Amino acid sequence: MALNRTPLIAGNWKLNLDHLQAIAFVQKLAWSLDDAKHDFAGVEVAVFPPFTDLRSVQTLVASDKLPIAFGAQDLSAHDSGAYTGEISGAFLAKLECSYVIIGHSERRTLHNETDEVVAAKVQAALRHSLVPIICVGETAEDLEIHGPSAVPVAQLRAALAGVTSAADIVVAYEPVWAIGSGQAATPDQAEQVAAALRAVLVELLGDDVAAKTRILYGGSVKAANIAGFMREPNVDGALVGGASLDLDEFASISRFKQHVGL
Ligand SMILES: O=C(CO)COP(=O)(O)O
């Protein structure tokens, strides 16, 4: 992590926890972090519940003034109209979401999201002042054929088509082979790709945006391995799946500074 970027620890709940479970979880997470005197100004913590939980999380966060950010796991490329089942960026903005995850590998693979769809969703997020967390990452096969950075770099280039240099974005490098496998990338591997992604940001959006944009690592992150990633200069946080559903584990990941010895 670099000192000029506030680290972001983001919990992607995927298809887990209904709205009642979400209320209990977020409340307990806030207590747990508060008890541990979490440095909320120094490390941002965000949760990404299913759509149907967002109103409950918003109400809880607002009424108890919890210092926890939240966002959605996806959004529509469209703002309104005949798109059955879709959720627009306008709706998410109205629910005070700060962020929206875009182009997660599960959406690319299971829901056939192409680079073009991802780029359109990034545009939709920015139209509504949501910060897109743009996910990129290679499969094990890509890694073997193309090496470590080629696919993530190409995906980021495609996702940024039409994005101007004023954009507030987050990039998440999630190697597909590391997601849910228990086999995380090494900190070195994560740093190598994060550095290549930052070079794309410099080229397409300029030095200032590249310097302030956070690049997260995701894929089998847990309390036991977060410190290694956070010691790397181009890794500014984590996008956590499975471990974000375990309160103690997620709270411990959020306190990575203690593990790093900062
Ligand atoms: O997909 C992920 C986060 O978006 C990572 O999932 P795991 O942390 O379960 O590997």
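Along the chain as shown, residues are numbered 1 onward.
In case you wondered, yes, glycine gets a Cβ from its N, Cα and C as well.
TrEMBL entries are annotated by machine, without manual review.
The feature active site, electrophile is assigned by TrEMBL to H104. When secondary structure is read from DSSP and collapsed to three states, H104 (active site, electrophile) falls in the coil class.
What TrEMBL records for E174 is active site, proton acceptor. When secondary structure is read from DSSP and collapsed to three states, E174 (active site, proton acceptor) falls in the coil class.
According to DSSP, K14 (substrate binding site) sits in a coil region rather than a helix or strand. The Cβ of K14 (substrate binding site) lies under 8 Å from the Cβ of Q73, E106, G241, each of which sits 6+ residues away along the same chain. Feature annotation from TrEMBL assigns substrate binding site to N12, W13, K14, G180, S220, G241, G242.
Pairwise Cα distances among N12, W13, K14, G180, S220, G241, G242, the recorded substrate-binding residues, top out at 14 Å. Within 10 Å of the C-beta of S220 (substrate binding site) we count 21 further C-beta atoms, all protein chains included.
When Cα-Cα distances from E174 (active site, proton acceptor) are compared across the binding-site residues N12, W13, S220, G242, the shortest belongs to S220.
Cα of N12 (substrate binding site) to Cα of H104 (active site, electrophile): a span of 10 Å.
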